[in-house]
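Over in TrEMBL, the protein carries these features:
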type	residues	note
DOMAIN	101-216	domain 'Cyclic nucleotide-binding'
TRANSMEM	12-31	transmembrane segment
TRANSMEM	38-56	transmembrane segment
TRANSMEM	62-83	transmembrane segment
Amino acid sequence: MTQTLSPFAADILGIVGAVIYLGAYAALQLGLIRGNGYLYASLNLVAAGFVLAGMSHRFYPAAAIIQVVIIAISVIGMARLLILSRAIRFSPEEQQMHAAKFPELSRIAARRLFDSGLWLDAEAGTTLMREGETHGVLIYLASGAADIYSAGKHVGTVEDGNFLGEMTVLQNEPATATVVLARDADYFRIEGAKLRRLGARDPEVRVQIENALSRDTRLKLVSANSRLGRGSPVDPS
Ligand SMILES: Nc1ncnc2c1ncn2[C@@H]1O[C@@H]2COP(=O)(O)O[C@H]2[C@H]1O
């Protein structure tokens, strides 16, 4: 091999490679990065490149083979991800739901989520959930609107672009309210058991789902607070 680097520079490159390898592995174990994403593959690729360059001074065939194979595996892994995510197609409704509710979910995981549920439509007046009964589903209202009743009283209206059932679906507990469609609706419906299975398969997906559900609940709470606040005759502060 033609020696273009000084022994010192070669050692530094090798050490940088080792630091990147170890940093990537530590980040993986600490849950900071995903093992099946572009980042982990590219860190391994770069680390292998540095270690290989570091061997221009002292060449070890076994270590060189490992680096070359790691580079090849990383390239194949990234190419696979690219091909899979390019091949994935979404309907306009799925695209809209992905952007609005799960913007950070990979296209592959989002496809898996949509394939686990159904797109349905229903007429105004349809009861989707009953207070006190376990519905075990999550609904995303793509169009239409739903009235929310608690103890028989109208407490709010959920417009399109929002979830229904997000408060109890993961825990499989009784619904906190009754949900009746106020307008004809198109919606996505997925069973809680399937949502939990998707989350158990990939912790990153679980976090994205939990975040999306709690974000919706928070927005509903803010909106309910502001409605109650408008109706309140006294400011207690
Ligand atoms: N005050 C509210 N405003 C808007 N939506 C609500 C309100 N209370 C309950 N819901 C929705 O009604 C659903 C009934 O089932 P969940 O309790 O699972 O999740 C609930 C929310 O999606």
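Backbone N, Cα and C atoms are what each Cβ position is placed from, and that goes for glycine too.
Predicted automatically and left uncurated, TrEMBL annotations should be read as such.
Same-chain residues lying 6 or more positions outside the transmembrane segment (62-83) and placing a CB less than 8 Å from one of its CB atoms are 36-38, 41-42, 44-45, 47-49, 51-52, 55, 108. Per DSSP, the domain 'Cyclic nucleotide-binding' (101-216) is made up of 34 helix, 46 strand, 36 coil.
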